[in-house]
Amino acid sequence: MADKTLDQITAEGAVYFIFGATGDLARRKLFPALYSLYREGKLGERFAIVGLARRPRTAEQFRDDVYESIQEFCRYKPNEVQAWREFAERFTYHSLDIGNVDGFRELKATTEELEARYEIPGNRLFYLALAPELFGTVSRNLRDGGMLESGGWHRLVIEKPFGYDYPSAGSLNEEIRHVFREDEVFRIDHYLGKEMVQNIEVIRFANAFFEPLWNNNHIANVQITLAETVGVEERGAYYNKSGALRDMVQNHMLQMLTMIAMEPPSRLDPEDIRDEKVKVLRSLRGFSTPDEVRERVVRGQYTEGEQKGKPIKGYRNEDSVPADSATETFFAARLFVDNFRWAGVPFYVRTGKRLPVKSTEIVIEFKNVPNNVLFASKQQLQPNLLVIRVNPMEGIYIKFNAKKPGNDMTVQPVAMEFCQSCQVGINTPEAYERLIFDAGRGDSTYFTRWDELAAAWQLVDPIAAAWRESADDLTFYPGGAWGPQQAHGLLEEDGYFWWPVNGQDEDNVIWVSNTGK
Ligand SMILES: NC(=O)C1=CN([C@@H]2O[C@H](COP(=O)(O)OP(=O)(O)OC[C@H]3O[C@@H](n4cnc5c(N)ncnc54)[C@H](OP(=O)(O)O)[C@@H]3O)[C@@H](O)[C@H]2O)C=CC1
Ligand SMILES: O=C1O[C@H](COP(=O)(O)O)[C@@H](O)[C@H](O)[C@H]1O
């Protein structure tokens, strides 16, 4: 599986089915990812791609759409005529309504022709870029239409959101599992495909100097920020039902938290890693009353504001959003992992739309050194920080104290940075490339297993239930600001503050960086 060479993986070959091929995700992420994989030889020689949706498209029209999407969104441009032609030849479009099983029987015939033409041994990967309500029907019709009768493997890749709450996620899971085994289901959380999220394991487990300090004796708190400048764009109808809690916290935020908090797995096998992540999710302190939710969670919604000098409208004025919506566009919480390693260490998480910058960062704040004669009376020492920059900048920096050159013992913070994206630039593979490649080779490490999802929903559901009771605690923030004041209060109560992202507070810090900053 994961330890096969690239040649072995690509030699097997597969047909990739993109359900929802005329949709936004396919256009912005999936086609560009497939083209990059092709350009890097990661699809091998034996592959075909079938786009599926209801609207009629000729093969030519479809290839034109794909060309435009790649031109706009892919890190490789389709300017190399020969490469584009060879790739486009492997792309076909099949118009089909998910609800109609006969369409799947026709698809079977088309697929068998493609498999014969390109010598593909019956391996089939079904990517569902569809509304989740359709996942169960597709699974059933794939089976009933004979699409699972080939000799090779069959894998189902599904997009988020996986359910609306624990019961609905459970029903959805059952529907899918009537047809596919758990090891055939690849549930996407695209944050797990991000380079720096995957790097957390390496940073933690391949360095002698982090792991011994990685516990409540040395870490004061952990801060995870996922800030976006965008509003809800054209997704008001979806977002208004989902809100930040379901859109970002239940999945991306909790996944990052588990990577930070998990115990080292005994082997780097997908199941061992996922077992450790589940243990973290199960150790998260739940919310047993609505009061507890109010104490530890802040929800906010953006109002009119300004970004980069331009006015922006409030959430309630966005398209498809009701004028009295109580949906949160901002979420912050103080979470605890109640286990031996992390007892007493707050994990602060925050995410929101219409914040001042686009940035995802994880800050590990270490406890201060004990007061000592040398420094304490004279100056306030800053805590050591380890900062993992996930997105859009990728890298890591550590902040520590050093002597300012001169005669006295003045201490100044120094930041040593490794900026990965500055080095690799646009050639960093996109999350979707990695995830499609991993699904193609059957490596489920960076996909969410059902028990992870279930545990995440079980944490999130009581928060949603408390919010349903009353919207009194909904706070507001002007678009372009760092969320409501209450989110700062969460940390101030504990004697901390949110470290500014992107090193923005670092005027007094000396930077040593591979970017030459
Ligand atoms: N867009 C994004 O950035 C992200 C999307 N996602 C998830 O990905 C999934 C797809 O999202 P997105 O691309 O934005 O959605 P869109 O609404 O843009 O696309 C939906 C696709 O489904 C097809 N479709 C709808 N009904 C049927 C049917 N009965 N039979 C066959 N095809 C059908 C549509 O094509 P047609 O009308 O031609 O049938 C279209 O291609 C969703 O689960 C979403 O939550 C997750 C993260 C980010
Ligand atoms: O899943 C989602 O993620 C995006 C943010 O992803 P990023 O990779 O750009 O940080 C978010 O905008 C969207 O609402 C959500 O559905």
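Glycine is no exception: its Cβ is also placed from the backbone N, Cα and C atoms.
Features as listed in TrEMBL:
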type     : residues                                                    : note
DOMAIN   : 18-199                                                      : domain 'Glucose-6-phosphate dehydrogenase NAD-binding'
BINDING  : G20, A21, T22, G23, D24, L25, A26, R27, R54, D97, I98, K160 : NADP(+) binding site
BINDING  : H190, K194, E228, D247, K353, K358                          : substrate binding site
DOMAIN   : 202-499                                                     : domain 'Glucose-6-phosphate dehydrogenase C-terminal'
ACT_SITE : H252                                                        : active site, proton acceptor
By CA-CA distance, flag whichever of G20, T22, D24, A26, I98 among the binding-site residues is nearest to K353 (substrate binding site). D24
Using only the residues recorded as binding NADP(+) (G20, A21, T22, G23, D24, L25, A26, R27, R54, D97, I98, K160), report the maximum Cα-Cα distance in Å, whole number please. 21
Report the same-chain neighbours of K358 (substrate binding site): residues 6+ apart in sequence with Cβ closer than 8 Å to its Cβ, ordered by sequence. A227, E228, T229, V230, N391, P392
Looking only at H190, K194, E228, D247, K353, K358, the residues listed as binding substrate, what is the longest Cα to Cα distance in Å? 20
Excluding near sequence neighbours, so keeping only residues 6 or more apart in the same chain, what lies with its CB under 8 A of H252 (active site, proton acceptor)? D189, H190, Y191, L226, T351
Please list, in sequence order, the residues in the chain of I98 (NADP(+) binding site) that are at least six apart in sequence and whose C-beta is under 8 Å away from its C-beta. F19, L130, L134, T137, V138, N141
Filtered by Cβ under 8 Å and at least 6 apart in sequence, the residues in the chain of A26 (NADP(+) binding site) near it are I18, G20, G51, S69, A129
Any idea what the Cα distance is from D247 (substrate binding site) over to D24 (NADP(+) binding site), rounded to a whole Å? 17
From the binding-site residues listed here (T22, I98, K194), select those whose CB sits under 6 A from an atom of ligand 1. T22, I98
Euclidean distance between Cα atoms of T22 (NADP(+) binding site) and K194 (substrate binding site), Å: 25
Averaging the per-residue pLDDT over the domain 'Glucose-6-phosphate dehydrogenase C-terminal' (202-499), what integer do you get? 93
Any same-chain residues 6+ apart from D24 (NADP(+) binding site) with CB under 8 Å of its CB? Would you list them in sequence order, or say none? none
In the three-state DSSP scheme, H190 (substrate binding site) belongs to helix
